[in-house]
């Protein structure tokens, strides 16, 4: 019998013998082949695991826990994940979390590296134009989920947040640019207490308070998820002030970046912060950033890397690197290679500081000028981009394909394997096609390179570089090549099936010996089978590396002498396996750790605190630097001050024995400037010929630089330009005869100069350079029409209207239209025999990008009438809207066309379109007593309604002012007998910056004028967009303190004594408006006080409260201009020689005199930048007593020396020493409600001795939405205003057809009975007195649905009516016996806040009980019926409905439409059958 112990020993020996040879050296790697049914969309490993996820095109999620040896489809609970995963996302900062986003509102999360998945629901599709998930940099359970609704280019983004891994989700807010976390990266604020303060801070890009268009977008934040403060707090991006036009934000390591673009320019401003509190605009040394023309690149812990597009046509850029706070950028590399998507050939070598590889274009001038192909070359930097050198294979230059042509996933060249770098490319003088490339490798971080394999390959690193694999990707193959000696020698193995490799990858840290290869058996997408190979190299070596197999301190960077190099104050080393060691490191998921040794401080360890000097050797001091008190009494003095250098934050260099550039040095007072002297300066320049055309190129907030550019054409067709507001003038096109100047109306940096022939010049950089262009024909000879038309969105799209056959003797001189998409480099014929053509693209009209309207003569003959045509494909085909067209105009969102009435050729018919496709005939009010309408004038429209002036007769120079509803089809009379001149222009002006304020002149003696008398004009003002008008209240005294010649009623204009102003029809220059878009609430005008406007008596008047009160500024006529957003106002005497001007720095409360010339001048005009934000003004005139004749001159008046500091705006936005919060008022109201809301503006206090320096007047807040009052309504169609403010049906006319809305919408249940009122389009009021919604009625055949909607039970009706009678009766009797008894007519429009006595007429205790008492008898008669209904209700037989519906609050309008969720419901507007509530591009407010 065999002993048991012997059996046991025998078994153990056999077991040992039977062990597989895994520990023995194998001749080749092992692999496993698996098939996947559909193409992989996304693939990634969880860090430090062999768990890999693959999302396939059919919506499945595949999972493997062993690196791809075995796969399973994740089905989730009840199999709901199958075929439902649209997007797979990995948490970038947490190695345990991933997210599978579905297509039907069901989404899934894993927090245990895909072992389990938990479903969460959000009824949103993941956003496509914005990040669908936004991650918190420190708390992985906090995520923002984003969905979006897009129309054309515009999206409304709905952001939700979770702080518990989607166990619960809450709405964060709606926005237009998405939301993000302030702590958006683990390195942001990681070393400060700030992280605790801003843990929950979120930032969102939201619409402007009044204008939901991109140029008004705001960046707001909340520390409480916008719960307690729905609007949030606006971020102060620039010098403690908010900025409009914010586009997006990005978290980049320790930096948070926001990009903004103003209206009228492509230039972007980039704002950077490291704490979310203090933001600074990044400076690029005079270089422009443009939209879609910059790329944020992989950055370091101490600087940002940005590539800026310089040549859009050829795809080249400039690489900039910032200082440590991201505020000042220096140029590192010129002519970087980019593709059309903005991808840049730039990559940092992984894990090694300071090594950067870029591809640059070697022939930039040939590419830009000659259209030749780019010659791309590769360069590498070992000193963080300070210097670059070519890559070398022996003595040959090497060029590698980079990011723009990458064919794998992950990094292009490197991995965490220290020092190993690979790439596909070629040697020679430039980079060739990818198909011609070979594989190259370096094992010294790019210092030297060697040829690895023929042909292009996909490649990957494993086991910290101990294994390198490659697979040819230019053909179908099953050959896998590998190297275990850093690419010096290669072996290969043949896999089972040939594939076209799609990706070759491994674990993120490249420490594993396992690789995953994914490929397809077919070259064509979607065909064939998709295969994965899991390849394992663990058996290739028998042993694990020991100490002698390593270089213990392999230097990561070498200097030019081959010695370890210093960067950021230290040298970097790694412990690395020797290339020829026959072992594997086999330390899976253990990342190689760098070893640092400190260096002595050198100049490279310091940076400029502000920015480099022009020579690049030193540092400029910041403009805010002031010398110590008592120093710098004169420019030659010196003082001890900062050097301008600082040690780069995070730099670890040793100061002892090194350089210390940040020590204080002796500074010259001349370089920091002397304090402002409080004086005004003037500069006079003379012209040989009179300037006849002068225009400003306005600078926007996002424009860099500080130029104030003026363009001039003189009478002898010479062109001049000034960049310093007329202090100096240049002639860049000297000798050229320039006779037309055309500014691009949508891009303020662009202007065109035209000659009489086919040649012209343009500038796109505000006149610093001019380039020639040619036109297909000479410009049109119609002098009243500009030859160029511009596209609102694309600045290079032009339409040219030129004169054809005008030099021939055929007599067929006509105009043809051509279009260009490349700023005139080439032209194509659009239409022949046109009068004009215009682009009609608008944000208000979705899909209108290619919409063009043209006026063309029928049958291409000038003797035939005009047709109005439109096309969306450049007239490959077209739509004919009207024959016998007279004219058409575009105003705001409306297109208005007038054509001859077929039934009466002497009359015109007006039509309107909102969408550019469908026109509707305008319905004029019946009280418009003009039988034959011969002329219309389309007036300014910025409030979602058209103001139209209709000529009263063929000879009359006046006519009614009518106003449309929000789609331009139905008009009501606003005001009669508005003055016009012979040219048809009307005395009508909207106040800039304030909603609804308009000033007009009316003819006060129409009957006498019709008999030949002279017109007597009266000035009237409206504060609610033409719904109500009043005479202007006169000041009590004139400028000299004397009384006027009529009896002034304080605060009110009367027929015998009011203020009258000279208006639009009398102006020399239509640009000289009463108001300014930046000087909110202010107007200046010339006029007089009396019963009508005088031709002879005229003084200058000013208001600073929107026209409610006026004061006399100075006696006599003056021209005026505003500066610095109203903080300085300048007056110059008009039509008389003078050498003096008058200015005010306190909104006209006081005036100072300044002598600007040694001799008197006849001043023809005073100008400044259109935004009125400059501190410079320009006088245009002639010297009157010059020895050499009356010299033509300009005089620059510079006020910048008057003040030394910028006004300070407190962080909390409240009023302070420099600013007040100002609310526009309505003269007939006491609650500051205008258009249903209260607005607040920041306005400088008149006595604050500082400058605004604010280019954009900013609405601080919409304080609240108000209850509706009469001021929120105007008279409806067929109704006319009465003397008491009410609206009454015009006698003999029927009520409007209110049921029409039911016919237009078959699903509609009810409609509102006509009340005589309609809401002012821009009002946002809620509740209160809704004059337009008094009573509803059921639509025909919808009585049952109506009753079901509005009915209440008998019990409810009993308690709603009977119970309050006792209380109401008691209070009513008490009021009746003690009130004054004056129950008179209730006048519409009288406020409820004039008296606060509880028994006054306006007291609710009086008005409400009286109404109830009046109904007592009717209620009493209803009691038996009610009792019966209660019984029936309880018995379940019938339900009695109420006879009247609930008046729902009116919804938001216009710009408030984007603020979804603010209002409870939306009321359909019977008038708005043609379109939706449109956005107003022409609004000036943010």
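Glycine is treated like the rest: Cβ placed from N, Cα and C.
Of the given residue ranges 1351-1371, 1372-1392, 1435-1455, Swiss-Prot assigns the label transmembrane segment to 1351-1371.
Looking at 200, 301, 967, 1265, the glycosylation sites in this record, the fewest other C-beta atoms within 10 angstroms of the C-beta turn up around 301. In this structure the alpha carbons, written CA, of residue 200 (N-linked glycosylation site) and residue 967 (N-linked glycosylation site) are 43 Å apart. Helix, strand and coil residue tallies for the repeat 'BNR 7' (818-828), in that order: 0 helix, 4 strand, 7 coil [DSSP].
Here the repeat 'BNR 8' (1101-1111) is broken down by DSSP into helix, strand and coil counts: 0 helix, 4 strand, 7 coil. Rounded to the nearest whole angstrom, the C-alpha distance between residue 301 (N-linked glycosylation site) and residue 1265 (N-linked glycosylation site) is 46.
Per-residue pLDDT, averaged over the repeat 'BNR 7' (818-828), rounds to 95. Cα of residue 1265 (N-linked glycosylation site) to Cα of residue 967 (N-linked glycosylation site): a distance of 24 Å. Shown for the repeat 'BNR 4' (482-491): DSSP residue counts in helix, strand and coil, namely 0 helix, 3 strand, 7 coil.
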